[in-house]
């Protein structure tokens, strides 16, 4: 199980790297990347989970339709945010605040109440995101052209990107609450949800067909690359896309294996560490500008995330249990 967790984390870093490589070579290619991922997972789920359409879903399709609308919207908005002067590290840090967004909506919608310890984690993550956002804003204005109009335009696009990330974060949290209520009513069916969340949105890509086609043409014009071990020559962008789809699929499957076979503490630790490793990988590999203030903001975000999950309390409990069992024996 530890091996599977490590593979999922490593492949998540690889998927993020390949996603950014594609974006740097062809800005705005997020739609074709997302479409390829959705199509691959949908085909796999249709063959092995839906049994070629013969297996009836445990959760009614109308509920999946609502969930899919949210899921599709979040995916598309997150893709476009990268085209709005949003650096990949800031993108990843912002999305790591999903726990906090979920808590806020839980208080508003489900009338939940939390301990002071968890409210403190909200403050830490909020401060961390604010620091990284503020410092990125300064970089956007300083790195833009000397023209005042160009600088204002770059900053305006960046503000629009922050708005898109905020919307996607809240929509993702609302989707999580919706899933929670569904699973309480119909039981947990993660494989089925994974299939329908990727199969039902496919018709929506019709509205993005022109953009997907344009980037497919650009991918065809990229330099040729000989695939090692096979000897087949393909445009390198298609090779990058294939690798991204495969690593993303294995990453999602790895998370599913963790949720079904491991304790929730293990899942939380692995997912949190995966985000952190992916962030560090992005900074080092792509040489993104990252100041001491960014590191401080990142520390606050992940410290707050760990506080929210009460990792230290749970670790102390898990250490105490074996000792009690030994005394009983």
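Note: Cβ is positioned from N, Cα and C throughout, glycine not excepted.
Residue ranges 31-62, 255-286 are listed, and TrEMBL annotates 255-286 among them as transmembrane segment.
Residues 292-309 are the range that TrEMBL records as transmembrane segment, among 4-21, 292-309.
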